[in-house]
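Novice: The structure that follows is given in the form of structure tokens.
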């Protein structure tokens, strides 16, 4: 059996290598750690060395003047004469204002007073920027170009306008099924609701009393619109039917046939006699309301078209779909103008502002605001409702309302995107808690009353709390720091 190895043959212990490494690391830290995050204190000796080295290497043309600058006024005059002669060192390419640097010379390192004595450098020496002048650590000149490019939105975020909180003041019952749609009469005297009980009911807006019940659909009524120019009301439902009701005779006078599946949304053009309907066949159809003929079939969506609104100017038709896109349509040619792909989930609700050229679109992940007519993304609303949003509406005072599938009714300030109230609907006695969904919302023509259509078969009406003041209900607003741009 061989004996133990000799002392000279023993391997170097790993522990000793470790100690050496730590010792080297500690030495490096002692040398360099004070420099992290701050500049070292000024050293006059090293500054003299640096100045003389710079004079010897780069500025040969003015070397003699720089060396003799401490001898008195004669040296000052000599330097002034030689500084007026251009040198190659100052002809290096630099940023704008390099001419100022040539005129100013080396004000920081060898500025000379009128008495001929060296003068302390002042901020004026930094006015002419060149590659030879390094701004201080806290200077605003650092990252000047990138700060202009990457200006953050919250720096100029608008403060929200104070709005009074809204409260529920009336509950109307009468439908026998989910209330799915609502529309207000242009005279602001009555409103109509469509329900899963296949009926359309007309209610008095002031008192909430039932005025009329219309039957004719054979499935739930998902869309309603009342014409401003005719005595017509239009309805659409899951039975693939689109009907025109004459409100003088209270009966159907036209039906528009063409949809291959249920019709989910409906809108009337504000200036021409055109009706738009969107449904589960992924098509938005354009109808002439007088002749019952289909003008266009706006195809391009890959899933159900569940929201649509129209404008008097281009883009005249805007649709939102379960394929998570929003499309602007050219009504003359029936073609897509713009497709917005900012959303990640179904766009079930959209609402245009009654005065401004912009609109909001709501999906389960976010509520986004876009500018018209080009569709530029403006910003997200500052909170997330975290539910499926079925409906949205805006009034002229800038109060945006969004209604969720879980019964949440959120009120937002339009301009800033601040959520100033989160209300929760209360289901009627005898209903399940899961029947707290809100399917449709709309304001009356004055914007002072809000109508919600709900899954507990009721219609609820809301108005602002007249007793509220900015002192009793202050605005709790913090400008966003890391808002998601998309």
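From the backbone N, Cα and C atoms, a Cβ is placed for every residue, glycine too.
The following feature annotations were taken from TrEMBL:
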REGION    80-144  region 'Disordered'
REPEAT    172-213  repeat 'WD'
REPEAT    214-255  repeat 'WD'
REPEAT    256-297  repeat 'WD'
REPEAT    298-339  repeat 'WD'
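Help me understand the surroundings of these features in the structure.
Specialist: Cβ atoms under 8 Å from those of the repeat 'WD' (172-213) belong to residues 219-228, 233, 235, 237, 245, 250, 428, 437, 439-446, 449, 451, 453-455, 457-461 of the same chain, restricted to positions at least 6 beyond its ends.
This prediction places the mean pLDDT of the repeat 'WD' (214-255) at 96.
Note on the repeat 'WD' (298-339): residues 264-271, 274, 276-280, 282-286, 345-352, 359, 361, 363, 370, 372-375 of its chain, located 6 or more positions outside it, place their CB under 8 angstroms from a CB of the stretch.
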Novice: Looking only at the repeat 'WD' (172-213), what are its DSSP counts of helix, strand and coil residues?
Specialist: 0 helix, 24 strand, 18 coil
Novice: With a Cβ cut-off under 8 Å, give me the same-chain residues at least six positions beyond the ends of the repeat 'WD' (214-255) that come close to it.
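Specialist: Contacts of the repeat 'WD' (214-255) (Cβ under 8 Å, skipping residues fewer than 6 from its ends): 177-178, 180-186, 192-202, 261-268, 270, 273, 275, 277, 279, 287, 289, 292.
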Novice: Which numbers of helix, strand and coil residues does DSSP report for the repeat 'WD' (298-339)?
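Specialist: Residue counts for the repeat 'WD' (298-339) by secondary structure: 0 helix, 23 strand, 19 coil.
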Novice: Using DSSP, how many residues in the repeat 'WD' (256-297) fall into helix, strand and coil?
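Specialist: Once the DSSP states are binned, the repeat 'WD' (256-297) shows 0 helix, 23 strand, 19 coil.
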